[in-house]
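Worksheet: the structure to be examined is printed underneath.
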Amino acid sequence: MLNKKIKKNHKEDWITELTNAITNPDELLRTLNLKSNTKYFKNIQVQKLFSLRVPKTFVSRMKKNDPFDPLLLQILPHTKELKNNHNFVQDPLEETKNVIIPGLIRKYNNRILLLLKTNCAINCRYCFRRYFPYSQHPGNKENLNLAIQYIKNQTDLNEVILSGGDPLMAKDHEIQWIVNTLSNIYHIKRLRIHTRLPIVIPSRITNNLCKILSTTRLKILIVTHINHAQEINHELQYNINKLHKLGITLLNQSVLLRGINDNAKILSQLSNKLFDINILPYYLHILDKVKSTTHFYVSEKQASIIVVELLSMISGFLVPKLVCEHPGKNSKIYINLNMK
């Protein structure tokens, strides 16, 4: 159980924290008392593939003097990213084929993805959209208005998923606009927000954002992205609790990552800590086979073994659903655990 004595004077200047993010690998390693090592970042090619970006609030949860820290391994550029495998491609889910208009992706029957923002507060090395052509999908007013018009015309839709990038990179007044606009479309019942920003910068959960999300007729769901229990600290607990008190549904999805969270003990710690802060474990994803991420991949067979062991360690409602996603399918695919 996390310590309940949490400071009440948390600042809300998340934009300052965003601006002060670390983008230089040398600075990051110095902060963590680690020596520069060419295999991590010296290869300019790796940096060009996908630059480093990590807020200091997230770095503060990393263990110093530990090159294998599970939070560090998620964000530090590594020459392993140059390893080629023909099964790992730039668009593993073929999302570009499902683009309706710039920034609007329809993969499912009753719900639609709106890419509200094209950037993130943190660059996770395993990101399945690390090669997504965001420059072709600017989140400007023109594209947003086209997206809204499409959603209005599609009466079979009842849920909008805000994605990105990270949708909470939008400022509060922008969130207010999209919430108000969608709430005026009678057939839209739910608004789901997929985000990692409050995890890495908890102060993003401003009082104003809470007010916006609690004064709409839409049912609000927030799906966080947390992969390891070490990511959860007192500041995150305090800010997540503000959302919980408003009755907002809080779910979490994780990615199974080799060398980071690929064992049942680590996953059990994560599930327990998530529930301690009122977030329900929802999905455990097999890594999408995006180029430059082969070193993170855990096979479906090994993942099944891990989850079967996890079932014996924690209550069933704390066990996330093991899933993968295939291009062309209109839903996630549940992985068979082969239990006898």
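Each residue, glycine too, has its Cβ placed from N, Cα and C.
In Swiss-Prot this protein carries:
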type	residues	note
BINDING	CYS120, CYS124, CYS127	[4Fe-4S] cluster binding site
DOMAIN	106-321	domain 'Radical SAM core'
MOD_RES	LYS332	N6-(pyridoxal phosphate)lysine
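Overlay of Swiss-Prot feature records on the structure.
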residue: CYS120; record: [4Fe-4S] cluster binding site; Cβ contacts under 8 Å, 6 or more apart: ARG53, CYS127, GLY164, GLY165, ASP166, MET169, ARG196, LEU197
residue: CYS124; record: [4Fe-4S] cluster binding site; Cβ contacts under 8 Å, 6 or more apart: GLN74, ILE75, ARG196
residue: LYS332; record: N6-(pyridoxal phosphate)lysine; Cβ contacts under 8 Å, 6 or more apart: TYR283, LYS321, VAL323, CYS324, GLU325
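Packing around CYS127 ([4Fe-4S] cluster binding site) is summarised by its Cβ count: 19 other Cβ atoms lie within 10 angstroms of its Cβ, all protein chains included. Within 8 Å of the centroid defined by the CB atoms of CYS120, CYS124, CYS127, the record's [4Fe-4S] cluster site, lie the Cβ atoms of ILE122, ASN123, ARG125, TYR126, ARG129, ARG130, ARG196, excluding the listed residues themselves. When pLDDT is averaged over the domain 'Radical SAM core' (106-321), the result is 96.
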